[in-house]
Amino acid sequence: MTQENVLEALKNVTYPGFTKDIVTFGFVKDIVINGDTIGLTIDITSSADEVKAQLRLEATNELNKLGFKDVNINITAPEAPKQMSNSVSGKNIAPHIKNFVMVSSGKGGVGKSTTSVNIAVAMAMQGKKVGLLDADIYGPNIPRMMGVEDQKPEIQGNKAVPLKAYGVEIMSMGSLMEPGTSLIWRGSMIMKAIEQFLRDILWSELDVLVIDMPPGTGDAQLSLAQAVPITAGITVTTPQEVSLDDSRRSLDMFQKLHIPTAGIIENMSGFICPSCDTESDIFGMGTTEPVAKEYDTNVIARIPIEPAIRVGGDTGMPVTYHKPDSETAKRYQEAASNLLAFIDKVNAEGGADNSAVQPTTPPGVSACSTGAGAASAPAKTEGESCGTGCGCH
Ligand SMILES: Nc1ncnc2c1ncn2[C@@H]1O[C@H](COP(=O)(O)OP(=O)(O)OP(=O)(O)O)[C@@H](O)[C@H]1O
């Protein structure tokens, strides 16, 4: 048996999906014949496992027919493209961002933006490529807290370049609006804004995008969860019972939206006196632990009330960066480490998956205009959401 016999026989093996055979393509190389043993390489251009399996099977059959008993085929192929995002299925409109963290709170004013800022800065200080998206369209405070409130993002074509401070890429509705102006948001506008923040902003290939949500559980949260797979949800709460009730709603929302829950941040947990550095109880301390247990999650940090945090927020000088030796900076760093460990765990277990929260209507069909319910549904004014999350208005 000669190399020519072998090549002739392998001309019967067509490359999957094509009419040409693997010899004509020039894929067969390094044929070594030793009695009834043969070794060869098939060097292909596809990284698909099915292609490799089919070629191995068909080539082995042909060589067995020629009389070879021991057939050793080495198939070389380009490496499969690296999966940038941890999305295993479902929708991801920003696949170059590896992980998304949703920071939510049941009610306003509990320190959600302050937490988002300091955790983002802490992760950047720990060497991660971090972005911070201010999706709190009702009260976009992030530009002030990050010291970029006087800057406008550069526009390239129809996209915007994020601002940058403390090693963190930043985008906020506040940076796109005139200071002091307000927008009246309908549900459908919120959905579109969230998608645009992900699609039309030139984010780098980030390790983590921290997203500061509006308070509560509404259209913004649903839209975000449907647009990208959220790797981790954090809820921020203060220790009082009234706030805890609302944080339960946030935790329940994570479960309903299939968002892995990283845990609770108990903010304003005790007070650190600026003169004597002692810690005292004001709103309560440690009250979030039972709530975390209820939802099978953890308290990832307790952040005391510290005037330096408020000053840092007001002056655009986050405490984590500007007072790295303070007790609160250390706690934010610890929260960031806990969050990163949680993200690693989620990814090791297969990554986040938002396929279960996609709109259920087929592509191109509006949930608002089809089905038996549509005829009896109340008429909607232009631009009003039907509340199904279909984004059809
Ligand atoms: N641990 C803390 N110690 C001292 N001040 C704090 C602390 N956490 C937050 N603050 C201050 O409380 C105020 C409200 O915080 P922040 O804006 O972060 O809350 P929020 O939950 O994002 O509010 P909103 O829902 O209105 O966006 C800010 O002035 C902030 O500086």
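Cβ atoms here come from the backbone N, Cα and C positions, even for glycine.
What TrEMBL lists as domain 'MIP18 family-like' is 4-73. For the domain 'MIP18 family-like' (4-73), the predicted model reports an average pLDDT of 91.
Here TrEMBL flags Gly106, Lys107, Gly108, Gly109, Val110, Gly111, Lys112, Ser113 as ATP binding site. DSSP classifies Lys112 (ATP binding site) as helix under the three-state reduction.
Per TrEMBL, region 'Disordered' is recorded for 369-393.
Sequence annotations record features per position, and here TrEMBL assigns compositional bias 'Low complexity' to 369-385.
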Completion exercise
When the binding-site residues Gly106, Gly108, Gly109, Gly111 are compared by other Cβ atoms within 10 Å, fewest goes to Gly109
Exercise for the section: Using a Cβ cut-off of under 6 Å to any atom of ligand 1, determine which of the binding-site residues Gly106, Lys107, Gly111, Ser113 qualify. Expected result: Gly111, Ser113
Handout entry: Greatest C-beta neighbour count within 10 angstroms, which of the binding-site residues Lys107, Lys112
Key = Lys112
Problem - DSSP-derived helix, strand and coil totals, residue by residue, for the domain 'MIP18 family-like' (4-73) - result: 25 helix, 20 strand, 25 coil
Fill in the blank from the handout: Cβ-Cβ distance under 8 Å, sequence separation of 6 or more, same chain as Ser113 (ATP binding site); the residues meeting this, in order, are Asp134, Asp136, Gly139, Asn141, Ile142, Met145, Asp212, Gly313
Handout entry: Neighbour tally for Val110 (ATP binding site), based on other Cβ positions within 10 Å of its Cβ
Key = 24
